[in-house]
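Pulled from Swiss-Prot, these are the features on record:
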- 1-39: region 'Disordered' (REGION)
- 73, 78, 84, 314: [4Fe-4S] cluster 1 binding site (BINDING)
- 85-303: domain 'Radical SAM core' (DOMAIN)
- 99, 103, 106: [4Fe-4S] cluster 2 binding site (BINDING)
């Protein structure tokens, strides 16, 4: 008699083989040998979220599964998945669910896909966006250092497919750094998107602790700077996690570095440790402190600063652009990088 039981779930930190035959580490970090079990401190009350559920949540979940799509909502254990999916929105993760990098804050599986790509993904993604009746879609992806251009051509093909199928949909692309390759960056920026994002993740001092060695603080700044210089009308965006040991002064210095290269939008959120194998939370940042930092960021000239304990780079991204039902407000200009305001798309999302 054959065994019809469900396969045993893979434990965090263990090696496993994906459906595509890729060997990967579950949740991105190998299991740590520890003499004593790690004790997780209770989260503050402001970090409690409702369990996901509801008909709209199930519909989005079904749509994602039927079109073989990966979502950063699932792969990164995002605390906002229930809210976003229940509102009929999702952030789609391109180029599979296995990342070639292993950042110590991230719960995405890590391994070497050895060039694997789903060639039907551009059309499947475009069809899924249409079926979900989205007005604003955030695309992100794993890092693909195994591909010659870091996956830029495939990424751009996905954006073009969405625009060809549903030209009214606003596209935000949260991309890898493409190892700083200018041609790869331009390929994505020229694909028809409205917002180009690359996350700095943390302050300069902590970058080597938090991110994969192949990433870099200056590298991310140069990627964002080149994207803005190449196509000034495209909005640039980045995200910073708090609670990793950064100081207030370092946060403000990071804001200054970002404004110096013309970054338009900044998101600030609380770092949450996804598994015991990842970096520990150093402190809980209060909603009041996030509000204070948002005010400072706006004073420094960001078009918008989305800040809060549960804010993630793609959390309710469409709302960032709702400015009194009039579309986008122009950011303060950076000397030498002034942009004709008429070139900035007015995204009325009502």
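Every residue, even glycine, has its Cβ placed from backbone N, Cα and C.
For the recorded [4Fe-4S] cluster 2 site, residues 99, 103, 106 set the reference point as the centre of their Cβ atoms, and the other residues of that chain within 8 Å of it by Cβ are 28, 101, 102, 105, 107, 108, 110, 142, 143, 212.
Cα of residue 103 ([4Fe-4S] cluster 2 binding site) to Cα of residue 314 ([4Fe-4S] cluster 1 binding site): a distance of 18 Å. Fewest Cβ neighbours within 10 Å among the binding-site residues 99, 103, 106: this applies to 103. Here the CA atom of residue 314 ([4Fe-4S] cluster 1 binding site) lies 15 Å from the CA atom of residue 106 ([4Fe-4S] cluster 2 binding site). On a Cα basis, residue 99 ([4Fe-4S] cluster 2 binding site) lies 18 Å away from residue 314 ([4Fe-4S] cluster 1 binding site). Per-residue pLDDT, averaged along the domain 'Radical SAM core' (85-303), amounts to 94 for this model.
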